[in-house]
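Lifted from TrEMBL, the feature list:
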- 17-115: domain 'Ubiquitin fusion degradation protein UFD1 N-terminal subdomain 1' (DOMAIN)
- 117-191: domain 'Ubiquitin fusion degradation protein UFD1 N-terminal subdomain 2' (DOMAIN)
- 282-317: region 'Disordered' (REGION)
Amino acid sequence: MFHFSGFNMMFPEGRNFTAAYKCFSVSMLPGNERSDVEKGGKIIMPNSALDTLTRLNVEYPMLFKLINGKKSRSSHAGVLEFVADEGKCYLPYWMMDNLLLEEGDILNIESVSLPVATFSKFQPHSTDFLDITNPKAVLENALRNFACLTKGDVIAIKYNKKVYELCVLETKPGNAVSIIECDMNVEFEAPVGYKDQSETQASGSGQQGAGAGAVGGELAGAANAVLEEVVETFKGSGVRLDGKKKKESQLETPVLKKVLPRGVPDYDFQFGLIRFDRNIRPISDRGNDKAGGSGNADGDDGESFHGTGFSMKKTRK
């Protein structure tokens, strides 16, 4: 009710609020950063909208239908504050993404009355949502910042400094419901890209069974063979530290390839017995070598440590 030229006038009940605003994301809102707006499903409208809604006797809680006429997309939201500049409204980024809106696009807003929710079903867009210990409690806490849900929307909730996206698959008793002061049952669908462990194990066992015969034949054939491994060193191209080009002689340096024999296990090993296999020839008698005056079998000189010795400590005279 309001006064106009001395008469009391009241708009009849049932009149809907309709307005068109330029929409912007919350990051464009003047003043301090408003991270609380991004966490929920409510928008910020100008002060003139509050005056009009008061005169129209709109039903509480105030719920609105957001329409993007260019893309034929619609959603529903509540209102958080009436502090936006005239002709503008501010939305969470995930809501603008659902409506296919860009900064400065025209958004039509209509007041609506929605039924109270009794059931909703969500599908996470990532398997990381399964890492949460109690997902229903996390979702219940996040939905406190929402006023309504719309079937087909993708909402975003934040938990432990991470944003999780969930698709609203189903809502009852309608495609758009109010979740303020309601008793709502919640169910989850399997996340996008999730595979059951039983299916993965069944497919893995089938592949292992098909290749078991071939692998067994290869192992039987190579049981007595000595395995060798080719090691190729310095595969990449070298670069000088001073930035100059390499010389032609350096470019033509061949790459070294080494063949390293891999060890073969000793299948005749006996527990508690250690063997030291060395190919060492026995040392000949040095006395015989000196008497004969000849070198040993390898052609080395039998007499070692030639020359005179020196002492590191000088003697005093």
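From the backbone N, Cα and C atoms, a Cβ is placed for every residue, glycine too.
Across the domain 'Ubiquitin fusion degradation protein UFD1 N-terminal subdomain 2' (117-191), the DSSP tally of helix, strand and coil residues reads 16 helix, 33 strand, 26 coil. Looking just at the domain 'Ubiquitin fusion degradation protein UFD1 N-terminal subdomain 2' (117-191), the mean pLDDT is 92. As a summary of secondary structure, the domain 'Ubiquitin fusion degradation protein UFD1 N-terminal subdomain 1' (17-115) carries 22 helix, 42 strand, 35 coil according to DSSP.
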